Structure formats: structure tokens, C-alpha cells
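What follows is a set of notes on a single structure, which appears directly below.
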């Protein structure tokens, strides 16, 4: 084998200056591996940041995986090592052999690798970025023109690509990106979802981590194909009218010796002190957000997914663990900030910076925070003191609602506040209402199995839950399998129980989800004022004895929608509900319809509002189906 001879590589001083300042927005085009030609020879240029390393060599299939012979050369005092290596081809596997400041030699994956080999291998793959001709220009232009979808319908289908569907019989369990495009896109659009949210697709070594322990931050996982395969998938989503959100993990990274940890023999990407640099629950390292180069690594990574893969949004995982220095720590296990407080000021600055940069460079791209505390202003602009996210997951709504519905209906009257409490803070943030993967794992059971009663009551409760979620102010998110009433808890090692579609009750649940999405899209009152009190008005929140609530969804100049919910299995006849106008109110939704698997109790499709001579105004008198929600709209007239 001919051993290629590496050569010094020139890097523009301004690029190195921007990197040192933490401000290089195209950093992934400077560091990492990229095709190049030098002195008429084709090869790849390699660059890696390892300021405390004693030496760095390239090892790969281009040189028989020798640990020496292809050295990288220090670029001034920047801490970057770089070289041009002729003869390296697209698809070549490689690692960096780093002799650290501690004298130890480790084989490291490239932090900026554009692709990586299939697990259990962890080598990086020499690849290139500009390898796809995009066809989603109309989508991208319209997204930028419209801006954030605060007043537009957003219904998110959360998906783990490795277990949505699986192949059988050929030894490779995963669908390719192209096969996922053939099957997942028409399925999600057929149900009326506006966006997919994908659990992390950045390369990760352990299937059981679901992608939340990222090994290669810049490499789409090879489980489903190549980076351009993922680009084709996103392109097809956009051309079908479906947005794509990625779960992104800037909170922590795994301790594997080949990864970012102790990269140059020192705590480079993480803090040295375990009270700052190690997560006690997950056994992972925490990024040092106060270091310019680390912050640049993460910020450029966020921009990379948005720019190079046309991603429509990033959902940031475990934001609460970033914000608090004492997160999941006892007294004496954490260090206070410079003011003596528990807030991680460096992480706060990082989150504000990355949100500001994303919204400036990509108008219309969303950032979503999984933040489970009462930190103020998560989805408020940075210039007002907020963190700058577009949306925040409403974990309180999820916890209270699922807790309420887990109660036997006979006890729900004593927990009525759990149902109504969310409206006290519903407009304090731009909320997404999540029924996510976290609620159907680790012994929690599937959503359907959380519901009390016999099989019919469980299914009715689930339909009631979905109607309440869609009617409640806030954007919507549902994890895969929930749309047809998956019985079993989610297992990342097997596909969903698609056989349940053969049962009419489960098919009915899917029909309901599709109709709720169509109602969300077609009725402005269902989405236009999701984050403002002017879009919601209680009709009756106090009938705890019957476990019935009712409210209006409103939009200026549009017809109001009246929602009524009966959280007991009792049919309530001649039930009076105030309404804002007289005339006929047509039924738009009844979750007890036989079409959805219900008992078909209803009001023949419409009710007549009558004048209330005693208290003024108008009311309707109707039959409330058991464990069901109903939605009515006035037949004539506009506005509120």
C-alpha cells in the first residue's frame, strides 16, 4: 500500500479569528474533512481543533489505519491542526489519532464529520456537503415570507425513524430515507399533520439512547442511508407540504473515548470540574458554554442543519438541565454562578445567541424548548429578557391532563382543578401541547393503557383527550402510534403495532385525529389566537359535579367555535350551555360518533340556540354523549 504524504494546509486567518471569537457561522466548511485539489492532486483537506494536543495524525483505510505517517500540522497558535492528504476518496473511513496533553494516545472521531460508519463502528466518513439539487424553493420562499407560524395551524407528528416501520427478513431492520419518504410522508399528510418532528437523526452509537447521546453532531445517521438520502427525504416532505423539525441535543454528550470527551487530553468541550461538566443522571458530559470555540461548534451545528438540510425547526432537548447549575444535584454537588445563584449564565447566553442567530438567518424557522420548569420568558424575545425560543413545550398541561384522565370518572369531580388550571398560564408562553415519546416509555404505558375503565371507555377517553388537546390553545404534538391507539408501550427495537388498524375502533381513532387536523386547518378560531387571551373564552369551567367544561375558541372576523366536554360516562340530556348568538349551531365534531368508534349519541347534527329570557343572551340545550367532546359553530354570520 502506498502511504499518502500529508502536506501543510493554509487556513484563512479571518476564519480562525471568527472561530476564536465564537462567531463563525460556516465553521463546518473550515474544520472537518472536505474534498480539495492541491498541486493538481485530488484528495481531502482535514482540520481539527485540539489546542492542547502534542500531535495529531490521520488514520484510516487510506493508510492501512496506521497511527503515524499522515501528520496534521498546527496552524499558527489557533489550536487547529490541518493537512491536505492526496488520494483520499469520497467514502473513505478515517479517525484522528490524538496524542493528548496527558501523553495518552486516542483514536478520535472527527467532531465535524459529515457522515459516519454504521454502528457498532464509529469511524468518520470522508464526504462532501454540496451533493443535492433542491426542489423545495417554493416552500422555502413561502416559509421566509410568512415568518413564524404563531397564528397558523401547527400539528406535529413526532417520529422515531428506526421504529415507525421496519423491514423484515433481509437482516437490515431499518427503512432507508427513500423508503421512509415513500411511506411516512403520505401517511402523515393523509392524517393532516403539518410537521414531522424527528427524534435525533445525528449519528449515535447506541440504539437505546434514541439519538439523545449524539456521537457525530454533523452526520445524519447511516442507519437509514447517506446524507443526500436525508436531504431527499426533507425535500420530498416540503414538496408534499410537510415541515420537518429535528430534535437537537446541545445539553450533553456521551463519555465514549472516541467522542468529544477529553478530546486533546484535557477537558476541551466540557468542564474539568465534574460539578459543572458531568451530568449525574445520564452519565454524560456537559458542554462548556462559556468557551467561544465550544459555543461556535454548537451554533454552527444548528445553522448547518437549517442551511444544508433545509430543516424547518429545532426542538432543543433537556433545556432545564442547561439552565440550572443545581439540576438533579444535591447540596455540595454544584457550584454557584458569579452572583451566588443557581442559574447557568453561560448556558443562558448560549441559548439567547443561538436563537437570535437562527431567527436572523432563517426567518420562519422555529426553535422549540423542552423546558419543564417555570423559567420566565422562554419563548419571549431576547431583547425583552427572554431566551428567544419560538415555542415552549407545555409540560404542565401534559402532566395535569394525563393525571386527570387517569382518574376513574367517578373521582374526576375532586380533581377538576387539574383540568382547568392550565388556563391560568396558557398565554404566558407560546406553548406546544406535547403528548410525546417521553410519556409512553419506561413503564408509563401507552396513552390508551393509561385510561381507566373497560376497553370501550379507554378508547372513548383517548378520543376525548385528543379533542381536548386540539381544542385547547396551543400548537399540537402527538407521538407516533398515538394516532391509532397503540396498546403497547413504545419499544425502539420494534415497529408500531400496525395490525391494530384492522380493528374498527382503532381505525376510528385515526379518523378522529385526521378530522381534528382538518378542523384545525380550516377554522381560523382553532389556530389564529393560540397564544392570546382574545382567542379563548370560558363558557363554564365550574360544573365540577358533572365533570363538564365548555369554552369558545375565537378569531377576529371569523365564526366562533363552541366546545363542550363531558368527562364522565353518563349521557346528560337537556344540558344547557350558554352561547354568544342565536340561530342554528351546526355540529362540527362529536367524538362519540360511530364513525370514530363511539356509541353515536348526539343531537342530529345541529341545535337551535334560544334566547335566555331570565339571564339574557342565548343558550343551547343538547344531549351530551358519554366521555365525549362536541364542537359547534353558528351556521350564519361572521365575527365575534
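In case you wondered, yes, glycine gets a Cβ from its N, Cα and C as well.
For residue 317 (active site, nucleophile), other Cβ atoms within 10 Å of its Cβ number 21. The feature active site, nucleophile is assigned by Swiss-Prot to 317.
According to Swiss-Prot, the feature active site, proton donor maps to 370, an assignment based on sequence analysis. Cβ neighbour count for residue 370 (active site, proton donor): 20 (other Cβ atoms within 10 Å of its Cβ, all protein chains included). In the three-state DSSP assignment, the secondary structure recorded for residue 370 (active site, proton donor) is coil.
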Conformational class of residue 317 (active site, nucleophile) under the three-state DSSP mapping: coil
Cα distance (Å, whole number) from residue 317 (active site, nucleophile) to residue 370 (active site, proton donor): 5
